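Structure first, commentary second.
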Amino acid sequence: MAQLPVALHISEDTESDGQEPSPCNEGAMHTSFRQLIQEQSSLVEAAAGAELEMPARDREPPEPQQDDEHAGYSSATLRILASMPSRTIGRSRGAIISQYCNRTARLRRRSSRPPLQQLSHAARPSLRQHHLDTDPAAATLEEKRSLLVKELLSLSPGQRSHMLLSVPLSLAEKRTLRQELSGQRGSPREDTQRGAPFSPCGRSKYHIILGCRGLWYGLLSLLPAVQPWHHALKQIGSRFGSSVLSYFLFLKTLLGFNVFLFLLLLVFVVALQAAYPPAPASHQPFTGLELLTGAGYFTRSLLYYGYYSNVTLNEPCAARPNCSAAAPPLPYNMPLAYVFTVGVSFFLTCILLVYSMSRSFGESYRVGGPVGDLAIKVFCAWDFKVVRKRWVKLQSENIRTQLKELLAERQSRSHPRSPCRQLEHVAVRLLAWGLSLGTVLGCVVAVHYFSEHMHAVQQDAGSRASGERRQEAVLLVLPLVVSLINAAMPHLYNLLATWEKWDSPVLEVYVAICRNLVLKMVVLGLLCYQWLSRKVVCSSEACWETCVGQDLYRFVVMDFIFTLLDTIFGELVWRLVLEKRLKRKQRPEFDIARNVLELIYGQTLTWLGVLFSPLLPAVQIVKLLLLFYIKKTSLMQNCQSPSKPWQASRMSTVFITLLCFPSFLGAAIFLSYTIWSVKPSETCGPFQGMETIYESGKTWVRLLEKSNPNITWFTWVHQYLLENTFFLFFVSGVLLAVIYFNIQVVKGQRRIIRLLKEQIANEGEDKIFLIQKLHSVYEQRERRS
Amino acid sequence: ELLPEEEKENARSVRIPKSRILTLPELRANPFQHRICRVFSTSEDGDDSMSFEDFLDMLSVFSDSATSEIKSHYAFRIFDFDDDGTLDKKDLENLVNCLTGQSEESRLNSAEMEQLIQNILEESDIDKDGTINLSEFQHVISRSPDFASSFKIVL
């Protein structure tokens, strides 16, 4: 900055090194004025293009040649402008201190009305300290500091430390404040110490508290080391930014849910059944194919529903003829445990999901609405985590492209299209949507007929008694086809999107997600119908639950294999093709939306299969762990960060919502229907021979009632709250009322924001008017003198 | 690693010149490196050298535990290229040029720049004085939930 404009020279004097811009500092002002006059004369000679920071610049001065003279005349105005509260608040220490002094005072006096003399606004230092009449004895830095200390002393210690944490001052300044605080508090502390017990009891308690606190801080500092993948996530975030990081954070969340589900099932169901195995049937030899098909050796194992016994384990000796007296009499009712564990784990997962969804929503939702995205993009787009030069350059290019796109969108919005083009646009959109929905329908019908065909083939092969391995290998084909559809259709939808030419890239992403989601959910819906109705699938099996569990296992494994293949072909091979054949410098982009939808699909399969295969969450855990490392390696080697704009926190909210609503809700409905209405098989599993799975619960309640007549309230609760639908309607009604109330509150807040904005605009006009008046007054004074 | 061996004993009082600070990997390629050094340096000579406490200040503002208010306050000071307490058109132009890259072909052309600055001022200048002061800046920032995670430097 070789040529300092006039205004800047003033601000250089009043930088944040503690010198005050207030008119009281006589000496400083005069020297700066002298400097001003020197500068002014040199400027007039040099005829430089002075950059006035006054609003005079945007009101066009009548004769532009008089710019330099304007600079000279309005130096005093410029001085006053530079000391305006709204400008000093960003710069000088004193202003910050007095602002926080006000905030503390307001915190303390929250209930009472502020006196009329207090003219403080949200961001301006209190005007009562700058008397506007004559040369004021305005507060120096020390006085302001002592005022702040006095205010801070009147707060509670928790509020005080919070206030100190949030003050934007340097460390040295905060240390001085803290010293003054403890100095002032020193005298009252001595009083309390004199009153406090000097007994060894009190002293040792004090030391214990200090020791505990030290231990706690030590543990907190170890926390980053304990968190899984902390270093890997940091690496990914520093190179690709927070958009790609959101995918890996979502993976981590899913892993958390699965670990929780697995632990519950392990402790209450699997471990106990493993400790008391039922009568062993003939085991088939273990071949490698079982890992893929889930059948064979695994059929009568802990993996599936059919293994679990329907009796009370470890019953006391009196009930059974031959038992070992050594076993401790802790009877464990396996069917009850099975259904309760599954039900309770689903309920807790639901609560966790709703909680994380609401927290994510609260962080990302803003009342003002989506206006102002250009300013937000410019101020918040730069990700300071990105470190290397090449990635910084990439980020700059991305930001530039996004800014250009946003500007082009604004342009096109301000010039509306001709009706002919609009019609064409609408027709193209309708056609694209029709095509995508048509393909979904086509895929669903194809899957239906294909599965019928496959099971006919399998029964054929079974009746012809060809090898069992061949039979089971045939069963792999349906999951293969479904995974193929799920992998290929998104690419088709991407092609459609490029043909459609969306204006807004954000909308394009949402539409792509929507189409993929519809495809996956409809296919899953068809498969669920087939499993539950058992007209096509598993119709000949005696133990149909194990059959369905095996099917789901196969789907999960196939999904993993296809994700692997997709990563290899979509990223590795494509990058090699781009580099070697087409000789382009660009690498393939990491498609976040498609990958997240694949994760959601896999998780839905796991949730659908928990009832039929209690160890399925363990399989999913292994799959997610492997997926993390594979995706991370492929990302680092082959991909570049996406060029489309990606609001990471809003998309995280969308993903968690998608996980909750179609995915978890569908699985919960499937589970509820299975428990309430489907007849379990006769010969295997914990619910053999009952009408529905729910009946085991009802039987238990009746048993409880008979054995202990004091807990009839429990059955009353069960009968009137759970079985009666009136309660459910009542709860939904209350929920709807709460939602309506919140919507009204948000509407009211929006209205208030609009009114406040108008008020601020009016104040701004007042300010400009006053500045103009000031400018003319000084001009007249100069002309007169 | 910024200090030579013999000065490590009195690390608290030593000031490191700006050129050495800029060799840190986190700041090396950052387009805002000069502004960061200027804002956090408390040296009286104006040579932007930083002491250990200034360095700590900088890290604490860019860490996870700084409140959004502190981050937006310091972001405002970093973006205020001429240190006058507000973001006027020149500041915004400098900011956009830093974001899009310093070379000639990566900058926006003047028509786009004009339109961009016009739009920004329309959206964020509430009192319509042609500049964006701290409160208006903080108001814009509060509408973006991504700010806290992008205004972060992890060592």
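Any Cβ shown, glycine's included, is placed from N, Cα and C.
Per TrEMBL, the feature domain 'TMC' maps to A:543-649. Summarised by DSSP class, the composition of the domain 'TMC' (A:543-649) is 81 helix, 2 strand, 24 coil.
Taken from TrEMBL, the feature region 'Disordered' covers A:1-28 (among others).
Annotation source TrEMBL lists region 'Disordered' at A:106-131 (among others).
What TrEMBL records for A:178-198 (among others) is region 'Disordered'.
Among the features that TrEMBL reports, transmembrane segment is placed at A:247-276 (among others).
Residues or ranges marked as transmembrane segment in TrEMBL: A:336-355 (among others).
The transmembrane segment annotation in TrEMBL covers A:472-489 (among others). Using a Cβ-Cβ cut-off under 8 Å and counting only residues 6 or more beyond its ends in the same chain, the transmembrane segment (A:472-489) has close neighbours at 289, 292-293, 295-296, 439, 443, 446-447, 450-451, 454, 457-458, 461, 516, 519-520, 523, 527, 550-551, 554-555, 557-559, 561-562, 565-566, 598, 601.
Per TrEMBL, the feature transmembrane segment maps to A:509-532 (among others). When Cβ-Cβ distances below 8 Å are used as the criterion, the transmembrane segment (A:509-532) is approached by residues 436-437, 439-440, 443-444, 447-448, 451, 482, 485-486, 489-490, 493-494, 497, 502, 538, 548, 551, 555, 593-594, 597, 600-601, 604-605, 608, 644, 646, 654, 658, 662, 666, 670, 673-674, 678 of the same chain, each at least six residues removed from its ends.
Per TrEMBL, the feature transmembrane segment maps to A:552-574 (among others).
Residues 229, 232, 248, 251, 254-255, 258-259, 261-262, 265, 269-270, 302-305, 308, 338, 342, 345-346, 349, 524, 528, 545-546, 548-550, 552-553, 555-557, 559-560, 563-564, 567, 663-664, 666-668, 670-671, 674-675 of the same chain sit 6 or more residues outside the transmembrane segment (A:605-630) yet have a Cβ under 8 Å from a Cβ within it. Taken from TrEMBL, the feature transmembrane segment applies to A:605-630 (among others).
Per TrEMBL, the feature transmembrane segment maps to A:651-676 (among others). Long-range contacts of the transmembrane segment (A:651-676) within the same chain, counting only residues at least 6 positions beyond its ends with a Cβ under 8 Å from a Cβ of the stretch, are 243, 246, 249-250, 253-254, 339, 342-343, 346, 349-350, 353-354, 356-357, 360-361, 363-365, 513, 517, 521, 524-525, 528, 532, 592, 596-597, 600, 603-604, 607-608, 610-611, 692-694.
As annotated by TrEMBL, transmembrane segment applies to A:726-746 (among others).
Along the domain 'TMC' (A:543-649), the predicted structure has mean pLDDT 86.
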